[in-house]
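Novice: Quick one: this structure, given as structure tokens, is what I'll be asking you about.
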């Protein structure tokens, strides 16, 4: 068997990471359109079923923190990626077979834990593989996540039930109507059919099967080259010293910004389908799936485009653009969204565009003024995890009785984000760049390396 070159192995490992993040995106996004189907399977209400997002976020938070420790301790990172990819596949397969909230919560925590480890490990491995040249590869890694977020709802769309004209309740014993003919016809006319294999299970099985394929690919790499070589970083640039109070203030504000933006990003994507079904428009779950896909499509395209836009625009200019686009989307949402389907489509696309590049642009912005350490980057991830945990939970707790909670949260997010950006700009506008010699224009694709 011919020995593969080092460059070839790097490319193979990088492609595996892209596929891994594709699975991550699908795993995160598929739970939104399938939420109502899973709700019926466990026979609960919307307030309790939305706690699965909190459960997954708790697992993700634990996985992110423990993943950093694991990947710092072990040199055979490919084995860790293989194990947690396999664990992720198992939890995805098992989710639609849950018949109790306890089992579902446990599976979501386990799924979140595996996703957190893979997210942290994937970032670390990408940077280790390519070192100082990791900029474009790192951006492509996160583009893969957005692409997975787009594909997930498309996979779910053919398998979700329609609840426009009926409410089907589950219990341990299914009560059959005395009018057998009517019962059979009612069940047959609806896409959510009581059977040994729930229809929604096929959607989760598709994602799980792809996750298993990625596991096999990682296993092959484990045999070929289980150890990642550390990339060489250029640390020659001299930087200015900053006061501790200044650093803490900027990091704190950025944590809040990441908390709000990431929480709103995931909260809107996960609860959009439920709002469309439960809200004033009363649309079908299938429409909700396609609209969720439109959100992730806009998100993915915008994230991809931001890599090239960063060549011509500064991080601050990109952030201002994001805030303006998100504000326009939120205005359309509150004024026209509850009354017109086209307005919801337009709002969804605008919000996807406005949120996509916010995280790397925000980190790249402050990195121009302070050196972002691993601890700082970890704190940003923790802030993002808490946002993903709390904001969807808040929306889900009230969306049954008050569907417009989605609108209120979106408006609050835009106002708070704009306010924080303004405060940070007032603090940073008179500060000099941290580099003591001219290092060229800052680039998001380069600055984003510090987030691993």
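Including glycine, each Cβ sits where the backbone N, Cα and C put it.
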Novice: Any idea which of 318-336, 432-450 is down as transmembrane segment in TrEMBL?
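Specialist: Per TrEMBL, the stretch marked transmembrane segment is 318-336.
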Novice: Examine the ranges 48-71, 168-191 and name the one recorded by TrEMBL as transmembrane segment.
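Specialist: The range carrying the transmembrane segment annotation in TrEMBL is 48-71.
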Novice: Which stretch from 48-71, 78-97, 199-225, 378-399, 405-428 shares the most C-beta pairs under 8 Å with the transmembrane segment (342-366)?
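Specialist: Selected stretch: 405-428, with the most Cβ pairs under 8 Å.
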